[in-house]
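Below is one structure, written out as C-alpha cells; the observations come after it.
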Amino acid sequence: MKNNNSGKTSLYPEEKEEKILVDPYGRKVTGLRISITDRCNLSCMYCHNEGADCCSCGSLGHEMSPELICGIVREAAKFGVRKVKFSGGEPLFRKDFEEILACLPPLKEVSATTNGILLEKRAKTLKAAGLDRVNVSLDSLNPEKYGKITGAPPGTLEKVIKGIDSAVEAGLTPVKLNMVLLKGVNDNEIDAMMEFIRPYGGKVILQLIELMNIDPQLSKYMIDSKALEKILEERASEVRVRHLHHRKKYIIDGVEVEFVRPMDNSEFCAHCSRLRVTADGKFKPCLLVHDNLVDVREAKSPKEIEKLLRLAVSRRKPYYIPATGVTKLEKWQE
C-alpha cells in the first residue's frame with residue numbers, strides 16, 4: 001500500500017470486506033472524484049462543469065474548506081477508497097491545494113485534472129505535498145484551434161506545454177493528456193498528438209475522450225466512436241483492458257493510447273467505482289443525474305460524514321443499463 005505522507009501508516013485493513021462500500025448494484029466504491037472549485041481560466045466549448053448545475057459557479061464562498069475535503073477523504077479511506085482525483089473548474093485556482101494534499105491519509109493514488117496553464121510554477125510543490133500524477137487537458141496542438149476550443153488567449157498553448165514538461169520533470173507521472181474528440185475540429189490530430197508524446201518515453205499517455213453529448217448543439221461534433229475503436233485495434237500491437245469503466249488501452253508504435261467512452265455505454269457504468277463530490281460540498285452518485293445529491297456540509301462530525309457517505313452510495317444507480325434490463329453487476333459480466 002502506497003504511503004503519500006511520510007510517517008503515516010495505513011488507516012484501513014485491506015482484508016476486511018465489511019469495510020468496503022458497495023452500491024445496490026454490486027459495484028464497489030474505491031475512488032473519489034472531488035471538484036474543489038468551479039472557477040476556471042478557460043471556457044471550453046464542451047465543458048459540463050463536472051455535472052454541476054453551476055448556479056454558483058465561479059464563486060469563492062461556496063467552496064469546501066480544506067478541513068471538510070480532508071475529512072471526507074479520511075472517512076472514505078476507512079471504507080475502501082484507495083484513489084482520489086481532484087478536479088474543477090481548474091483545481092490550481094485553489095491557492096491552498098498543497099495544504100489539502102498534505103492533510104490527506106495514505107492512499108494508493110492521488111491525482112488531479114488540470115488545464116495545465118498554472119502547472120509550470122507549482123508542479124514541484126504539488127508533488128512534494130503528496131500529488132502523484134496529473135491529467136492535463138490538451139485538445140489541439142494548433143494554437144488557433146486550441147483557442148477556438150478553449151476560449152484561451154494567444155500564448156496559452158505554450159504555457160500548457162511548459163506545464164506538461166514541468167509535471168514530467170517533477171515526477172507527476174504518468175501524465176495523461178485528455179483530448180476530447182470533436183468531429184471536424186480536432187479529430188484529425190490524433191496521430192500528431194501521438195507523435196507529440198513519443199519523446200517523453202512512456203511518461204505521457206494519450207487519453208482520447210468521447211464528447212459527452214449533453215447539449216443538443218454539440219451533436220454535430222460527435223465522432224463515430226465504434227469506427228475509431230476499430231481503427232485503434234487494427235493499429236495496436238497490444239490491447240489491454242483497465243478495470244475502471246472497462247477502458248481499453250492500445251499500444252501503437254510504442255505509444256500508449258486510452259479511449260474513454262462514457263456515452264450510451266453500459267460497460268462504462270457497470271465498472272464505475274467512483275463517487276463524485278461537487279465543489280459546493282455535495283456527494284454526487286452519478287455525473288449525469290442531478291436529483292439525488294447528498295449535502296455533506298451538514299455533517300458536524302466524522303460519524304455524520306460516514307452516514308452521508310453511505311447514503312450517497314446507496315443512491316448510486318447505473319445511468320446506462322444493458323438492453324436486457326438486467327441490473328446486477330454479476331449478471332452484466334456473465
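Here the Cβ of each residue, glycine as well, is placed from N, Cα and C on the backbone.
What you see is a predicted model, and the numbers here were worked out from it, not measured in a lab.
Annotated domain 'Radical SAM core' per Swiss-Prot: 24-256, in sequence order, evidence recorded as sequence analysis.
Taken from Swiss-Prot, the feature GTP binding site covers ARG33, LYS85, THR113, LYS176, ARG274, LEU275, ARG276, and the record attributes it to sequence analysis. Neighbour density for LYS85 (GTP binding site): within 10 A of its CB lie 20 other CB atoms from the protein chains shown. The DSSP secondary structure for LYS85 (GTP binding site) is strand.
What Swiss-Prot lists as [4Fe-4S] cluster 1 binding site is CYS40, CYS44, CYS47, and the listing cites sequence analysis. Taking a C-beta cut-off of under 8 Å and a sequence gap of six or more, CYS47 ([4Fe-4S] cluster 1 binding site) has these contacts in its own chain: CYS40.
Annotation source Swiss-Prot lists S-adenosyl-L-methionine binding site at TYR46, GLY89, SER137. Its Cβ placed at the centre, SER137 (S-adenosyl-L-methionine binding site) has 23 other Cβ atoms within 10 Å. Under the DSSP three-state reduction, SER137 (S-adenosyl-L-methionine binding site) is assigned to strand.
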Legend entry - From CYS44, TYR46, SER137: binding-site residues whose CA lies within 10 A of THR113 (GTP binding site): SER137
Inset, instruction - Quick one: of the binding-site residues CYS44, TYR46, SER137, which has its CA closest to the CA of LYS85 (GTP binding site)? - result: SER137
Legend entry - TYR46, GLY89, SER137 excluded, remaining Cβ within 8 Å of their centroid (S-adenosyl-L-methionine): CYS40, LEU42, CYS44, CYS47, GLY88, ASN115, THR150
Legend entry - Residue pair ARG276 (GTP binding site), SER137 (S-adenosyl-L-methionine binding site) - Cα distance, angstrom, rounded: 19
Inset, instruction - Taking the Cβ of CYS44 ([4Fe-4S] cluster 1 binding site) as the reference point, list residues of the same chain whose Cβ is under 8 angstroms away and which are at least six residues distant in sequence. - result: SER137, ASP139, ILE149, THR150, GLY151, VAL180
